[in-house]
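Listed features, source TrEMBL:
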- S65: active site, phosphoserine intermediate (ACT_SITE)
- S65, D277, D279, D281: Mg(2+) binding site (BINDING)
- E371, A372, N373, R499, P500, S501, G502, T503, R508: substrate binding site (BINDING)
- 52-89: domain 'Alpha-D-phosphohexomutase alpha/beta/alpha' (DOMAIN)
- 113-167: domain 'Alpha-D-phosphohexomutase alpha/beta/alpha' (DOMAIN)
- 179-284: domain 'Phosphoacetylglucosamine mutase AMG1' (DOMAIN)
- 298-436: domain 'Phosphoacetylglucosamine mutase AMG1' (DOMAIN)
- 478-527: domain 'Alpha-D-phosphohexomutase C-terminal' (DOMAIN)
Amino acid sequence: MAQFEGVSQMSAVHPKPVGLVLQYGTAGFRTNSKQLDHVMFRMGLLATLRSKKTKATIGVMVTASHNPEEDNGVKLVDPMGEMVTPAWEGYATQLANAEQEGLLTALKDVIEREAISIAQEASVFVGKDTRPSSESLSQAVLDGVHALESHSKDYGLVTTPQLHYMVCCQNTQGRYGDATVKGYYQKLSQAFIQLTKNVPNRTDDQKALLVDGANGIGALKVCEMETYLKKELQLSVFNDGSSGKLNHRCGADYVKVQQRAPTGVEMSAGERCWSYDGDADRIVYYYSDSAGRFHLLDGDKIATLISTYLKELLTQAGLDLQIAVVQTAYANGSSTHYLEDTMKVIVRCTKTGVKHLHHAAQEFDIGVYFEANGHGTVLFSIEAEEKIQQLAQDSNTNDKRKNTALLLQNTVNLINQTVGDAISDMLLIEAVLAIRGMTVQQWDAIYTDLPNRQLKVKVADRRVIDTTDAERRTVGPAGLQEAIDIPVNKHRQARSFVRPSGTEDVVRVYAEADTQESADALAHEVSLAVYRLAGGVGEEPKPL
């Protein structure tokens, strides 16, 4: 077939290093950028097939998120802006690892298995982050699309959530919004301005924020957006990419793990600051108090603020909608207790990985999900959106209920429901703080995190660890769960779990307890148990 001749010719321009094996992980392929040229070309081919199969536009984002600048990666975006379906993750791995001479066979295998009509039109949207390697790697994706004689649109430099948004806009014929970067800014900024316009006397201090752009795409895009916000927020952007390296001593992941402010951000006491990651799909807030102590408000605090606000609005509007918060085992125990015991909100726990949280959130009228690392969003069911809209338009409703419904409607418009979106999340948090008249310190004081510690133990083979109960208990190797339970029972308010890394031969250990000393001791005892029972390599873990 003529189309496959094009694939053979172009594939020779993007040859695969012999013997290189890569795995499609929780967020696509991610490794040193020098190993990815052939992968990008083949993801262009796969996205084209996925588009033919779904008769819809598919997205391909070239990014490695919070990884170092020399890495890169790729994320595939399905028709409604969600992550690509698991069966196709398998195809992605199969295509990426096919040796050069076996590529056409692998491609035809996908076409046959999925009964794809090769004559079907296809459309692929491509975006990239600011890494030096992203330019040539996104071109390799486009080459893959063009090798199958299909239509592409190159959005150039965009955040990952912006590309997800464009794909959803395109496939809903504009019902979700206009599939342009300008359309994205307009939808979000108008919703933000509508939400905050009735807030009495917001001072300039309340509008001012410090932003750590991780020297990445988020810095560029939030600066572009600022003009649309009409001075309703005043942003001071640090780590804007003009001098520092991407994610180096800055960004959401650095701040979360190191529990300290990023390089280059000078904070005054009580000033609100936040950090994006390299592709702007995660956000964490932080501030320093008058004694100079650092305070982090991570995904758990964000989920609590947002779900509390939404629950209050639903009560005021008299809307009977079920709201739930979806967490992982990494969520701080204090946040879970507060949500369940004080707020009386349903809490669901899932395995780690955004796709698991997103899926669980779809089961409720309103599902709020945030990983502790700051990646998350809010999902509204079609029924929930319709009920909110009906109430906002109902001429028989009293003013208070109607105004509340309008607040809910603008809140829905402010949220990027396709994926965690740091820019959208930031605007939502700022709107909620303004509407509720809260300072960052008052938000932080909703509950106090239990002290915790995360460690890694190197093992010969991470697959020996087998977990159940959303990764909170181990079922293998034999004896490990008992060896975790014994030290947990010695400490107060204690909990600990272990899980294999998704990318390397390490086992991740999480422990929390009533004091930092106890959490550290517990993490060490559990690390020793993992080392001894799960095939630890190198030196035995030392006490902290």
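Every residue gets a Cβ built from N, Cα and C, even glycine.
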Whether the domain 'Alpha-D-phosphohexomutase alpha/beta/alpha' (113-167) meets the domain 'Phosphoacetylglucosamine mutase AMG1' (298-436): three or more C-beta pairs under 8 angstroms: yes
Extra residues within 8 Å (Cβ to Cβ centroid of S65, D277, D279, D281), Mg(2+): T63, H66, D129, T159, T160, G216, A252, Y276, G278, A280, R282, H375, A422
Local Cβ density at N373 (substrate binding site) - other Cβ atoms counted within 10 Å: 22
DSSP-assigned states of the domain 'Phosphoacetylglucosamine mutase AMG1' (298-436) in counts, ordered helix, strand, coil: 80 helix, 21 strand, 38 coil
Candidates S65, P500, G502, R508 (recorded positions) with Cα within 10 Å of D279 (Mg(2+) binding site): S65
Cβ atoms near R508 (substrate binding site) (within 10 Å, other residues, all chains): 20
S65 (active site, phosphoserine intermediate) and P500 (substrate binding site), distance between Cα atoms, whole Å: 21
The one of P500, G502 whose CB sees the fewest other CB atoms within 10 Å, among these binding-site residues: G502
Of S65, E371, G502, R508, i.e. the recorded positions, those within 10 Å of D277 (Mg(2+) binding site) when Cα atoms are compared: S65
Annotated substrate contacts E371, A372, N373, R499, P500, S501, G502, T503, R508, maximal Cα-Cα distance (Å, integer): 19
Residues near the residue listed as 'active site, phosphoserine intermediate' in space but at least six apart in sequence (CB under 8 A): A27, R30, G73, T160, D277, G278, D279, D281, R282
